[in-house]
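Enquirer: One structure is given below, represented as structure tokens, and several questions about it will come after.
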Amino acid sequence: MDTIHIRGGRRLNGRIPVSGAKNAALPLMTAALLTDEPLRLTNMPRLADVRTLTKLLAELGGDVAIDRGEDADVMTIRVADIKSTTAPYEIVSQIRASFWVLGPLLARCHEAKVSLPGGCAIGARPVDLYIKGLQKMGAEIDLVEGYVLAKAPGGLKGAVIRSPIVSVGATHTLMMAAALAEGVTVLENAAREPEIGDVANCLVAMGAKIEGIGTSTLRIEGVDRLHGATHRVIADRIEAGTYAVAAAMTGGEVVLEGVEAETFEAALSVLRAAGAGVESEQGAVRIFRNGERLQATDVVTQVFPGFPTDLQAQFMALMTTAEGESEITETIFENRFMHVQELARFGANISLHGDKALVHGVEKLKGAPVMASDLRASAALIIAGLAAEGETTINRVYHLDRGFERIEAKLSACGAEIWREKAK
């Protein structure tokens with residue numbers, strides 16, 4: 001496995017182009033299953049998860065062409081004929097988002113066999129909401145030997161579906177399924193994340209009829225067929241937030257290009273409260289620090305527009321050297337504090353109390369050998385390594401490649417001393 005090395009203590013200064021959002025790109029790829037015409041996606045990030053989902057689409061009968069650009073790719077997907085409605089364990093176990101093929105396959109083919117999902121090991125993350133929603137739309141579903149077997153012989157029917165909790169995955173799945181269902185589907189308590197809106201806008205470009213985009217109530221009037229379209233993937237607010245934290249922790253000044261501040265305003269608000277400077281302009285955000293020590297700031301993860309759980313680990317790293325004690329509360333996923341013991345190897349002082357972590361700020365961190373436990377924890381360890389004195393070695397960085405594109409190159413361009421040692 002590859003290893004990342006960092007010599008810390010350097011300020012970041014420069015400009016970082018923010019890649020297309022992983023959490024929009026993946027469901028957009030699955031939306032290509034809803035039509036037999038080409039779906040052209042621009043601003044596609046180059047990520048391991050994208051490559052894995054590409055394999056699954058090919059397994060189902062899709063043709064995927066990629067045009068390499070300087071900073072992003074253009075992906076054209078055409079699924080003229082679905083050759084298989086089975087998403088095998090070997091692929092789905094690698095990436096949770098591959099489970100999202102369930103809705104499009106069921107809507108277009110009236111049947112699907114999809115393995116229960118994999119991805120980062122952060123709690124149970126059950127798929128009950130997906131299944132119950134599809135059942136309300138008339139699907140017959142059984143769980144057999146680790147697979148979801150779904151059938152809708154007469155096609156899916158519109159329904160009013162109220163989710164007991166906000167679920168991004170369930171909203172994606174049910175919205176895509178409803179686009180080809182008979183009648184009107186209303187999704188109440190739907191997720192409002194920008195990535196949901198991005199997928200909805202793409203579906204509209206493909207001919208879907210969706211009202212309430214950006215709100216917690218989506219009204220989808222099913223149509224007989226969808227057509228091809230060209231759609232630009234929105235910027236990755238989690239990547240932007242990660243680099244914003246890195247800039248604040250190391251000092252200096254970084255301009256994040258191609259991202260709108262409102263998509264990650266909750267994170268920027270916490271940065272301001274901690275003492276970092278934040279200035280936004282059209283299509284860019286500038287992060288800077290005047291050299292004074294950051295102040296401890298409490299964080300509670302929430303669904304959008306609240307503070308995102310996918311930035312919790314990065315902000316914990318930031319708080320390890322802030323002045324005072326901060327309380328970080330994780331309300332979205334269980335078991336998402338696996339990075340705590342690795343941050344402690346840098347000299348961080350963190351104690352766990354159920355769903356809360358108390359971070360007692362220390363004067364400085366010291367470089368250490370550490371191991372990544374999941375995607376976002378990997379980013380937190382890189383941030384800590386950038387600020388720490390001495391050299392840091394991060395193992396198991398395959399997690400990182402699932403969600404961050406060219407992270408070493410982007411940080412190096414801003415003055416970081418960071419490099420990758422390829423596995424022998």
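Cβ atoms here come from the backbone N, Cα and C positions, even for glycine.
Sharing the record's features from Swiss-Prot:
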type     : residues                                      : note
BINDING  : K22, N23                                      : phosphoenolpyruvate binding site
BINDING  : R96, R125, P126, V127, D128, L129, D310, I332 : UDP-N-acetyl-alpha-D-glucosamine binding site
ACT_SITE : C120                                          : active site, proton donor
MOD_RES  : C120                                          : 2-(S-cysteinyl)pyruvic acid O-phosphothioketal
Enquirer: Reported as an integer number of Å, what is the Cα distance between V127 (UDP-N-acetyl-alpha-D-glucosamine binding site) and N23 (phosphoenolpyruvate binding site)?
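Expert: So the alpha carbons of V127 (UDP-N-acetyl-alpha-D-glucosamine binding site) and N23 (phosphoenolpyruvate binding site) sit roughly 17 Å from each other.
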Enquirer: Tell me the Cα distance separating N23 (phosphoenolpyruvate binding site) from I332 (UDP-N-acetyl-alpha-D-glucosamine binding site), rounded to the nearest angstrom.
Expert: 16
Enquirer: Who sits close to N23 (phosphoenolpyruvate binding site): which same-chain residues at least 6 apart have their Cβ under 8 Å from its Cβ?
Expert: V168, E193, E195, D236, I238, D310
Enquirer: Are there any residues in the same chain, six or more apart in sequence, whose C-beta is under 8 angstroms from the C-beta of L129 (UDP-N-acetyl-alpha-D-glucosamine binding site), and if so which?
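Expert: Same-chain residues close to L129 (UDP-N-acetyl-alpha-D-glucosamine binding site) (Cβ under 8 Å, separated by 6 or more) are S163, P164, I165, S167, G169, A170.
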Enquirer: Give me the Cα-Cα distance between K22 (phosphoenolpyruvate binding site) and R96 (UDP-N-acetyl-alpha-D-glucosamine binding site), rounded to a whole Å.
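Expert: K22 (phosphoenolpyruvate binding site) and R96 (UDP-N-acetyl-alpha-D-glucosamine binding site) have their Cα atoms 12 Å apart.
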Enquirer: K22, R96: which of these binding-site residues has the sparsest Cβ neighbourhood within 10 Å?
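Expert: Comparing Cβ neighbour counts within 10 Å for the binding-site residues K22, R96 gives R96.
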Enquirer: Return the count of C-beta atoms lying within 10 angstroms of the C-beta of I332 (UDP-N-acetyl-alpha-D-glucosamine binding site), excluding that atom itself.
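Expert: Neighbour count, Cβ to Cβ under the 10 Å cut-off: 21.
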Enquirer: Sort out the sequence-distant neighbours of D128 (UDP-N-acetyl-alpha-D-glucosamine binding site) for me: same chain, 6+ apart, CB within less than 8 Å of its CB, listed by position.
Expert: none
Enquirer: Give the three-state DSSP assignment (helix, strand or coil) for N23 (phosphoenolpyruvate binding site).
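Expert: It is helical.
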